[in-house]
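This report refers to the structure that appears directly beneath it.
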């Protein structure tokens, strides 16, 4: 049984940057709180917890004088509230997410109705919507504009950074089809993360060459779920968070296994999965 890892695997640039910032802050201050989980990966959060990093869900729960913003970012009103309380804010927002926030603000300042292709309940999308002044729509439904009464003829479209490119392209086409009858002016900002795009491409290429694909990452991670959906289109694919979730029944008749990971999956977890697969192969 041969195991091959995709070329883009492990932490993405944004996650690695956020973790480095948080580790440094925790070491300097003897611990730090984060407003929301830094990333959607429990193994990483457990390790950070051991370094004195504590996750709080609400601003009211902050007990210290320093708080870190997660890599998913927040809206301007949240930032203003934190600063009004005299808190030191450590911003670990991913630069690609920042770019999406800037695009949303630019649309808003120009008087455009902002349409975000993304999960309305995801913290990244909530933050981006905040930079659009709350005047917009976040949806994955290509017919979403139909349900918006009196939508502006000026429309700005952008995407949650971790979405699948073909999905965003299809979404944009549908927005144009719906809006043209309103004599609309449409602006489109490509806010997809380049790292995630390359990761998806590499995973899809590998999935086409193996009998089984394993996606390692958090079950609640958006970019990890997108990798699962993509790989499923060409290969038998399973999502696991740790080696303990791997079922030996999946491996019957399998000669080649491909591995990819979500952007917040650490190298230790990936190595443990590879080692476990190696032990199974040696025992056959």
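Each Cβ is built from the backbone N, Cα and C atoms, and glycine gets one as well.
Going by what Swiss-Prot states, the dimethylallyl diphosphate site holds 40, 122, 221, 223, 264, and the candidate of 72, 194 recorded there is 72. The binding-site residues under consideration are 221, 264. Their Cβ neighbour counts within 10 Å are lowest for 221. Close to the recorded isopentenyl diphosphate site, the chain also has 39, 41, 124, 162, 218, 220, 222, 224, 262, 263: residues not among 40, 72, 122, 221, 223, 264 whose Cβ is within 8 Å of the site's Cβ mean position.
A distance of 14 Å separates the Cα atom of residue 223 (isopentenyl diphosphate binding site) from that of residue 94 ([4Fe-4S] cluster binding site).
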